[in-house]
């Protein structure tokens, strides 16, 4: 079951506020301990409460003092380089969100231009397209044409494929002798004559003009 999102604001109810402090402080100090064990780093947590005389500290007070002395011995630049507060954290988040919005708007504008170009390729009359979108589509098309020409110049001219001469026609093979055997002979003007011969060697109808001509 999903947890309800907690509204980040001061809890005015005293009992609820004390219970929330006790619960979340225990979880926070547990995370501090896990961070030190898993990553092998010196870490300490100190939590003050106006309703308690002594703060809650992890690890032991002597170890926490050692870590604090080491931290305070660092130069000012090293100590404050990665520090942040609530205001700086929120400003950083807002800046990242603004950058994301600008990126999304740019992507959306590119998609609109692509839609206009595709409609143009499909034969649209652009009656419902604004002048701004038409100008943007024109610039995008010019840029695309420039990239195509640049690619052509990079690759260089492509030689046309060599023409292949058609093969010379060849006469079909003469079949075995029989009643319907086809005999071919070449004419004087470059034609093939096909006749059907009978068993005696004469044409099937007794004439020599019964033939089919094939131009070479």
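Cβ coordinates come from backbone N, Cα and C, glycine included.
Sequence annotations record features per position, and here TrEMBL assigns compositional bias 'Acidic residues' to 206-216.
Mapped onto DSSP helix, strand and coil, the domain 'MADS-box' (1-49) counts 26 helix, 3 strand, 20 coil. What TrEMBL lists as domain 'MADS-box' is 1-49.
Positions annotated as region 'Disordered' by TrEMBL: 195-216.
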Checklist entry - Given the model, what does the mean pLDDT over the domain 'MADS-box' (1-49) come out as? => result 87
